[in-house]
Amino acid sequence: MPQQNVCDSHNWLAVSSRINMHTPMLLLALGVGVLAGYGSVVFRYAIDAVQVVFYQNSTDFLTFYNTLPWYAIVLPPTIGGAVVGFLTSKGAPEAKGHGVPEVMEAIALRDGVIRKRVAVVKIAASAICIGSGGSVGREGPIVQIGSGIGSTIGQFLKVNRTNQRTLVGCGAAAGIAATFNAPIAGILFALEILLGDFGFAAFSPVVLSSVTATAISRYYFGDFPAFISPVYKIGSLWELGLFPILGVLSALMAVLFVVTLYKMEDLADLIPIPPILKAALGGLCIGGILLLFPEIMGVGYGAINLSLMDKMAWGTMLILAFLKIFATSLTISSGGSGGIFAPSLFIGAMIGGAFGFAVHYVFPAVIPSPGIFALVAMGGLVAGTTYAPITAILIIFELTSNYHIILPLMLTCIISTFLASAISPGSIYTMKLLRRGVDLRGGMEQNILKKYKVKDLMHTQPDMLYEGATLKQVFETFQRKNAPYLYLVDKNGELSGIISFRDLRSVLADEYLDNLLIAKDIATTCIQTVRGEDVVLGALHRMAAFSISQLPVVGNDGKLVGTLREQDVLAAYDQSVVGIQLRDSV
């Protein structure tokens, strides 16, 4: 009995220890959920307030645009663009654009540290952009706002690196959940797209934040699905055969969206005008489009519902699908602030609706409602742009509360993700980071090695020899330095060749050659080199490509200044990993 009591005591202590270890983090997650939930409420009210200022109406734009004179449609996005350009250029440049890549970069490279002012500037800039008529969505801003709240709390309390990243994910999940009334989708968005971690330590806090924020959102805005879902049940297996085609179409449109967005960003960067004027000109163009196609304003939920209810002509939907790609790309590239999630839903609804009308025309008895294709394609576009099929499936399910679409939705989303990822090297989020030289696909290894430059790890006393040395001198130098390679330099100190001991051994047996040849005669003159400012990761890739263990480092004048060895790179990496683990344990 005493032994049993001791065992029970040990078990209770172990359970108590685990509870005490996780409780502080769960309490922090609860706090993040509350603040991010109210941040989402403030953000949505701010959008309505801005719309009232510009249009004297906070309802869907389609319900009142035809009562406005032309200048009352064109001027608001122009003025709003100028204000947003001022806020982002003067307040926080990272608040420009769709926001999610900046959060991903902060998690990957800065341990989840986000500047405190970003959340405030993002609320103001995105609310003005969306409320004045910008063709963007709410999800990107609220992810950045919620993540900023989580990061600020973590920085204030000085939590460790792992918990800091988790709190950023908690804020993002809470923001998505509160904005879309979709707690499961918020959880999956944070875990699948941002953190890439489904472990218990991250999962539990993210769930708590998401549920808390959703409860707050439902208190203020009610518990209603965002979209009107068409009634649908699978009549035959032949119907399912149409959805892989829709998946292919969704993937192609998703890739077109990504390519257009970043091509237009490149084009905008070439225009040498101040950011405020550039954003104002972008808003002016959006205003011109709104005169003819008011459906593309803001998040576009009104137009999406029309397509789901089969109340929009197929030709109009086809035009709007491509026009939304252009309008959203123009809004963001000119300096606007807003998300791409809602535009992806819009593009999917339009292209899916047009496809649905086409198949309904061919098979009227088999396809009773074209709207189901609009609904499923919404998920297909989200999956194809974000490379996050699980999030796409669940968010459409939660936004519609329609379980009957789950099979066609899964088919479409998986095919769209597979094909889009095969065509494009990155999602709409990671592509922005790839263009900055940040590759999240390589994981922690690449991100650690990108912090180092060649000059940080190189040996500044390379094993070198004058190119005119005799073979005997070469042999003696190899013996004295015990080096695998010798680098040859000319009389000016410029690198001219490299000799391995294998090169020397092939001619040592012949004494006659010793009197005829010099070092340069047996050297390899086609040499791979790096410079001190090069990133170590690129140098390591070059070593692997050419199966060599070191690279000579040359200056801008061609002179040999050092050697970068593979073993030194790996030692620096190991040291960095140990440092990270020590910080995590604090």
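Cβ coordinates are placed from backbone N, Cα and C, and glycine is handled just like the others.
Whatever TrEMBL says is automated annotation, not expert-curated.
Check TrEMBL against the ranges 104-124, 314-334 and you find transmembrane segment recorded for 314-334. The listed stretches are 26-47, 167-194, 276-293, 340-363, 372-397; of these, 372-397 has the most Cβ pairs under 8 Å to the transmembrane segment (242-264). Counting residues 6+ beyond its ends, the transmembrane segment (314-334) has Cβ neighbours under 8 Å at 81, 97-98, 129, 134-136, 253, 256-257, 260-261, 263-265, 267-268, 278-279, 281-283, 285-286, 289, 293, 295-296, 300, 303, 307, 340, 343, 346-347, 349-351, 353-354, 357-358, 370, 374 in the same chain. Sequence-remote contacts of a segment are chain residues at least 6 beyond its ends whose Cβ falls under 8 Å from one of its Cβ atoms, and for the transmembrane segment (200-221) they are 22, 25-26, 28-30, 32-34, 36-38, 40-41, 44, 146, 150, 162, 166-167, 169-171, 173-179, 181-184, 186-187, 190-191.
Tertiary proximity for the transmembrane segment (403-426) is limited to same-chain residues at least six positions away from its ends with a CB under 8 Å from its CB atoms, namely 229, 232-234, 239-240, 243-244, 246-248, 250-252, 254-255, 258-259, 372, 375-377, 379-385, 387-389, 392-393, 396-397, 433-434. Residues 180, 182, 184-185, 188-189, 192-193, 227, 229-230, 232, 242-243, 246-247, 249-251, 253-255, 257-258, 304, 307-308, 317, 340-341, 344-345, 347-353, 355-356, 359, 403, 405-406, 408-410, 412-417, 419-421, 427-430 of the same chain, all 6+ positions outside the transmembrane segment (372-397), place their C-beta atoms under 8 angstroms from a C-beta of that stretch.
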